[in-house]
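Okay, structure first, notes after.
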Amino acid sequence: MKMKMKCLHTLKEDPLIPFNRFHAFVYFFAVLAVVYHRFSLVMNDTSSGVPFSMFASLLVAELLFALQWFTGQGSKWRPVTRREFPERLWEMVEEKQLPKLDVFVCTADPYKEPPVNVVCTALSAMAFDYPTDRLSVYVSDDGCSELTLFAFMEAAKFALHWLPFCKDNNILVRSPEAYFNSSNHHDHSHQKIKIMYQDMKERIDSCMKRGFVSEDMIISQKESELFMKWKRFTRRDHPSIIEILLESDKDKDVSSVPLPNLIYLSREKSSKIAHNFKAGALNSLLRVSGMITNAPVILTLDCDMYSNDPSTPLRAMCYLLDPSMASDLAYVQFPQRFPGINDKDIYAAEIRHLFQINSQGLAGLCGPSCVGTNCFFNRRCFFGSPSSSSLHNDAICDAKNEGISYSILQKALDALSCRYEHGTKWGSSIGFQYESIVEDYNTGYRLQCRGWRSVFCEPERPAFFGDAPMSLNDALGQTKRWCVGLYEVGFSRYCPLTFGAKNVSFLAGLCYAYYSFWGLWSISITIYALLPQLALINHIPLFPKISDPCFYLYAYLFITTYAQELIEFMRGGSTFWKWWNEQRIWMIRGVTSFLFGSIEFTLKCIGISTPGFTVTNKVMEDDEQSERYNKGLYEFGVASPLFFPLAVVTIVNLSCFTLGVAEVLRKKVSFDEMFVQLFISGFVVLNSWPIYEAMFFRKDQGRMPTIVTVFGVCMTSLFVLLSFFLF
């Protein structure tokens, strides 16, 4: 493709880079001083009267804090932001010269990922401002649900009207559900299309309530025969399925404009053969799309992540079509955004460090990590290094512009076989990686180790919007799953601190290591959440007095760490309360999801079976739960194993803080000597208010289950009694 050279994008370095580097330099020596101070106390514990185990435990915690801080500095070394100019693209290429685009939408459970939401995601992608004859949407249904297929059959009919409506009215939000929830238009065309959408939605919801597609919903013999087959299928055992719902060469909308291809597929599954979760589904999509349309650019979308800007593909093309970048550019990553979260983001669902702050930092090195959705891939990156002259022989895709023939479909069905990958390099050197359940992080990391790079694209108008977990249990469960998958990368031969530092760069290796060893926070946080508090009520000082110069080292590290993070949040467009809840959730994760993730990974390493991949529930259970969430109340409601250690830690801190203050007031201990321990327990108590509220004051269905509270009280009593004997 010949193009006239013109600036399609710009890059700007963060003006605070010199300050960040100076701060890191000073902070590093402060950390060394604290570690030296703690080490000297460990070596001289006999003179202080404090048990060796206490100072040794704190030394371990502080060394791990230091390790995590050190790995986090990679993303602060050279943060950059980019700006692209999609309007200039048309001056350089004609519409027919734009590369084909295949969109992958993955879903697995119609009850945790409602088909209406998945349909809206697909429709928003089909309505991109992109030539429809160069656009294809593939839907992978890993649940093999007739409900999902029926929803997309309905969506194919609705698309005939929805796509021209969006483009004729220049609508930006092209997810029907999001558009009708936010729009106040009352003209005839608007009302007409809204009625059509409501009819489609009611038909889908009716089937969802019944749990199957009833005969009154079927309008043809072909559909009847199709759904009859589903009676023999289960989620874990079923053959390969492909249904061409719309074909660009044949189907046109009501304005006689060709529609994008819409293709439903469900790969073969057998309960006796591993299916490799989402990575396996994506690799199946790679093979099938390569045989049918073979677009050089691929967009991956989570089933709830709809388009908020129809020009997004053109923004991605500003990088993918740039001759100076195209040869080794693997993907363009857009951040995730969640419009449904409450004003204070009580569960830190934005995960701003991962999706924005650290991504900008990596963007200044080798490019951001892949987050699994909102990512435009160069198809070629899945089949070799940038220097490869052609696709790997075992993975050559040879789609022709001859429509979708019967022979192509048969080959595609074979490519969906659960035995197709046996004896091949799929999942290792070809396609998405299988070694970890966080296939997005692992795949992006391994691509960069092979010499590819990436781009972080963060336009002013969010490109995509999605749904975040709406209960604490779901939010923590999601993080636990990530923690296990990240460990699988960190403790493999591809460890970022060694393999990554060697094959990408030292700083990039640090960035990836920061997340690979995420779960190690659990050790430091758990020690700091229990040991200083129990020592406090036993009158054992573990930290310097206020009058001791070493006290100011701890104060400096605490204050500057929190101040730097607050500045990063505020500069990124966030608020104080979102930052406050982010640091609160970080502490909660430390004694819940990070802790359980670390235990689960350890059990897997020694051969003990653990739960597999679970789909995160993003469905609000009822209106009352929604109301509680909007009020900023934490949703507990179930006796989740994750809540038991949380209850213990919060009650231990409340008890020890209360007893500690009483001891200071009665002058049994010195305030000067115990200030740091009082501060730590008081800070935990302050952060734990929503949990105390759920334990002792709330009466709604989202309160902490009584059994969890009772367990917390009993374990706290046991810990306190044991501390009197052991300390």
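First residue shown is number 1, and so on along the chain.
Using the three backbone atoms N, Cα and C, a Cβ is placed for every residue, glycine included.
Nobody curates TrEMBL annotations by hand; they come from automatic prediction.
Straight from TrEMBL, the features:
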type     : residues               : note
TRANSMEM : 21-39                  : transmembrane segment
TRANSMEM : 51-70                  : transmembrane segment
BINDING  : Lys112, Glu113, Asp142 : UDP-alpha-D-glucose binding site
ACT_SITE : Asp142                 : active site
BINDING  : Lys278, Asp302         : Mn(2+) binding site
ACT_SITE : Asp440                 : active site
TRANSMEM : 512-531                : transmembrane segment
TRANSMEM : 551-570                : transmembrane segment
TRANSMEM : 591-613                : transmembrane segment
TRANSMEM : 642-662                : transmembrane segment
TRANSMEM : 674-692                : transmembrane segment
TRANSMEM : 704-726                : transmembrane segment
* Structure fact -> Check: min Cα-Cα distance from Asp440 (active site) over binding-site residues Lys112, Glu113, Lys278, Asp302 goes to Lys278
* Asked: Under a criterion of Cβ-Cβ distance under 8 Å and sequence separation of at least 6, what residues of the same chain contact Asp142 (UDP-alpha-D-glucose binding site)?
  -> Cys106, Thr107, Ala108, Ser266, Arg267, Lys269, His275, Lys278, Ala281
* Asked: What residues in the same chain, six or more past the boundaries of the transmembrane segment (51-70), come closer than 8 Å to it by Cβ-Cβ distance?
  -> 27-28, 31, 34-35, 38-39, 41-42, 45, 510, 514, 517, 520-521, 523-524, 527-528, 531-532, 535, 540, 542, 561, 727
* Structure fact -> A correct count of other C-beta atoms within 10 Å of the C-beta of Asp302 (Mn(2+) binding site) gives 24
* **Candidate ranges 512-531, 551-570, 591-613, 674-692, 704-726 - greatest C-beta contact count to the transmembrane segment (21-39) (under 8 angstroms)** => 551-570
* To do: Compare all C-alpha positions of Lys112, Glu113, Asp142, the record's UDP-alpha-D-glucose binders, and send over the largest distance in angstrom.
  => 13
* Asked: In Å, rounded, how far does the Cα of Glu113 (UDP-alpha-D-glucose binding site) sit from the Cα of Asp302 (Mn(2+) binding site)?
  -> 10
* Asked: So which of 551-570, 591-613, 642-662, 704-726 is most in touch with the transmembrane segment (674-692), counting Cβ pairs under 8 Å?
  -> 642-662
* Take the transmembrane segment (704-726) and find every residue of the same chain, 6 or more past its ends, with a Cβ under 8 Å from one of its Cβ atoms. => 530, 534-535, 537-538, 636-639, 643-644, 647-648, 650-652, 655-656, 691, 694-696, 698
* Structure fact -> Under 8 Å Cβ-Cβ from the transmembrane segment (591-613), and at least six residues away from its ends along the same chain, one finds 277-278, 437, 476-484, 487-488, 491, 518-523, 525-526, 529, 641-643, 645-646, 649
